[in-house]
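The following block contains the structure, expressed as structure tokens.
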Amino acid sequence: MAFWWPLVVLGVAFAVCRFLFMLIPHNVPSIEVDASDVLEDRSQTKENSYIYIPRKGKMAQADKVQCYEPATMKYLGFCEALTPEEVKEHVAQARDAQKIWASSSFRQRRQFLRILLKISSRDTGKTMVDASLGEIMTTCEKITWLLSEGEKWLKPEYRSSGRSMLHKRAKVEFHPLGVIGAIVSWNYPFHNVFNPMLAAVFSGNAAVIKIMQKASETLIPVTLELGGKDAFIVCEDVDLATVGPENCRTQGPPLAGRYDMGAICMQEHSEKLQNLVNDAQDKGAEIAFGPIIPIMKFSSDEEAIKLANDSKYGLGCAVFSGNQKRAIAIASQLHCGVAAINDFASTYMCQSLPFGGVKHSGFGRFAGVEGLRACCLVKSVVVDRWWPFIKTVIPKPIQYPVAENAFVFQESLVEALYGLNVWDRLRSLINVVKIISEQNPKSSNRNQRQMINTTAACSLVLPSLKNLVPLRPKSSCQKRACRREATNLLLEVMLPPIRLSKP
């Protein structure tokens, strides 16, 4: 027992030190954000701000995007709507800047991300708490994950080269694509802009927002997250207190800071939602205070799964049950890209996980390793493992014009590399060596080089023979004896031609 105590103490000390190290802030340049139109108590904007009345029944202005606070309808300002020519100009500028940014170090990219940790947003109608959780906290988590793991997942990744290419080293490299176009939704304007931009910039790209039509015309690959109402399944065995509070919520201006709910972001949506409520009441539904949510009862897990999958959307789901295995079993059968067990939206706070849906909810993934690498040109690279001593040389029997025994040679080669029986593989390997040695070389030097390449080819097969257990021998001694016998047979076949090739 006394032996383990020092290890436990060291482990705890390491964990504490690592936690304290996380609390040490980095030296980040300061930035200033203009908030002159907000009073100190955050209750309202200044008096010179006026009420904005959106046009009803008329086309929206094509040259301007009007911004207002949905809860109070107070005017925030406008931004210019870019013309197609201006969009092309921005893309060209981004492409020029990206050529320089592509050569930046991961250290420089991390410093840029730390600066972005100090930025915030406002005009969604969300309460301060909702905006902090859904916009700021998720964005900060995204940046933190990129700072700690982003470089690791963008470095070259080595892969298995297989049996036939054992003399090669195979790897995957991740290069910047150039300019990344992001088409984002209005419900999370801050995070939905920063999320693709962060991944694009950290992987060495430039980013431009909203260029969908151009992408569709030129076959540019896209990742689409189109939203969709998630299934929220609550089983009868769950403690309802763990699902949500059973009390009323207050609604008011978000900046006041004392309300639970903000306002509907788009005015025209309020009429659509009211029509849904009226239609439900006409069909016998009861009205209750709170956000609009359709509730459907189910009598079995199979029925709940069927109801949840009966939709053209498939973004995410949440399943609550007092039995965790039951909740996991239900979630595993739902057609969606994200699942939370006895929780809601927790998967999105794990920024190491990919995010995206299926069906009409989109395709592709952003966030996590998959989203980061989606911003890269994925390039497969193969190099010689033992350059320049062993190279790939096309065997004489299958060089054009092929020899009469070319198919026999190829058949024996496949059997030698991938056969299931060690003796069949050994016989096939001997046959491969014999066919190569029977070819008439034009010179003794060429014959010598050919036999050396034959030796190299055999060296590719020998390691795979070690990993294959013979069908007959049972004990370890018998297995070792079989391997020694196989090696001796190969040497007997190979050594005479090599000796004959000597001058």
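Even glycines carry a Cβ here, placed using N, Cα and C.
Pulled from TrEMBL, these are the listed features:
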- 61-210: domain 'Aldehyde dehydrogenase' (DOMAIN)
- Glu225: active site (ACT_SITE)
- 288-381: domain 'Aldehyde dehydrogenase' (DOMAIN)
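Tell me about the setting of these features in this model.
Mean model confidence of the domain 'Aldehyde dehydrogenase' (61-210) amounts to 82 (pLDDT, 0 to 100 scale).
The Cβ of Glu225 (active site) lies under 8 Å from the Cβ of Leu315, Phe355, Gly356, Gly357, Ser361, Gly362, Gly364, Phe366, each of these being in the same chain and 6 or more residues away along the sequence.
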On the DSSP side of things, how many residues of the domain 'Aldehyde dehydrogenase' (61-210) fall into helix, strand and coil, could you say?
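Residue counts for the domain 'Aldehyde dehydrogenase' (61-210) by secondary structure: 70 helix, 33 strand, 47 coil.
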